[in-house]
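Asker: To start, I am sharing the structure in question, which I have written as structure tokens.
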Ligand SMILES: Nc1nc2c(ncn2[C@@H]2O[C@H](COP(=O)(O)OP(=O)(O)OP(=O)(O)O)[C@@H](O)[C@H]2O)c(=O)[nH]1
């Protein structure tokens, strides 16, 4: 059977080369992940790209998960030695704390420059992450004005562009980055569910049933029955068929798209698709 999620490395290689060139000038990396899937939305190369730079880990979309889940992730990342910044870039929550951390990182950098007899200069930062995780919305919030197009369509940010955040901080708005190789299909499916990869990469009729099964496993089957009036019984595929038959004149694709959209828009509730892997790490 073909993989559920597929993308093509050709243009990714080109985009990656351009990005790597720009990264040479960068001091701080804002790594943006999706708060619903903090592990699946970890881009495998960002850590390596951030080596020698200051990395700020942002879990955006905090409104899309429960307070309890947020607290658990905070604690788990702490045990991993990571400080995370939860944000809601759409509403501007958690931004000030992040901005202050970037300013502190910049001040530390300038102190080091001064010690080496170099001139102080504005800190150069870049916002990196999978497509559609809210990078542009975050930059707009950091800038307090809408200068970067932000849309519910993965892959909207096309060019690399510097924007001045303050006299001491410049930001590079990079496009969503997909890794060239991403062998973890389970993570790729979660990215597809959360709309963090282009729709060309998957067939919704194969992804939506997995969402049903995930919700069932995570104890949220009631959210589906509340919304669609259909109890989750057998497999995700059967559920999708039943949904299509009952509500969409048997149109499987429409039912699949609707299901995915309802999850993404939060109509099924604020539901994280991942929880901290405590057992493996503590
Ligand atoms: N609910 C919620 N929606 C958000 C949040 N941040 C961004 N969004 C929405 O998510 C969609 C994608 O946001 P963008 O800022 O365009 O994402 P991006 O990462 O720049 O996307 P690319 O340019 O494709 O890489 C938009 O509809 C935003 O309004 C958030 O914290 N919560």
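Heads up, the Cβ atoms here are built off N, Cα and C, so glycines get one too.
Quick paste of what TrEMBL says about this protein:
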BINDING   60, 61, 62, 63, 176  GTP binding site
DOMAIN    125-185  domain 'G'
Asker: Give the sequence-ordered list of residues that share a chain with residue 62 (GTP binding site), lie 6 or more positions from it, and have CB atoms under 8 Å from its CB.
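Answerer: Set apart from residue 62 (GTP binding site) by at least 6 residues yet with Cβ under 8 Å, we have 35, 70, 86, 87, 88, 93, 94.
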Asker: Only counting partners 6 or more residues apart, tell me which same-chain residues put their Cβ under 8 Å from the Cβ of residue 60 (GTP binding site).
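Answerer: Residues satisfying the criterion: 32, 33, 34, 35, 86, 87, 88, 89, 129, 133, 134, 137, 138.
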Asker: Quiz question: given the binding-site residues 61, 176, which has the greatest number of C-beta atoms lying within 10 angstroms of its own C-beta?
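Answerer: Within the set of binding-site residues, the most crowded position is 61.
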Asker: Across all the protein chains here, work out how many other Cβ atoms are within 10 Å of the Cβ of residue 63 (GTP binding site).
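Answerer: 16, counting other Cβ atoms within 10 Å of residue 63 (GTP binding site).
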Asker: What three-state secondary structure does DSSP assign to residue 60 (GTP binding site)?
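Answerer: DSSP assigns residue 60 (GTP binding site) to strand.
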Asker: On average, what pLDDT score does this prediction assign to the domain 'G' (125-185)?
Answerer: 74
Asker: Need the DSSP three-state call for residue 176 (GTP binding site) to compare against my parser.
Answerer: coil
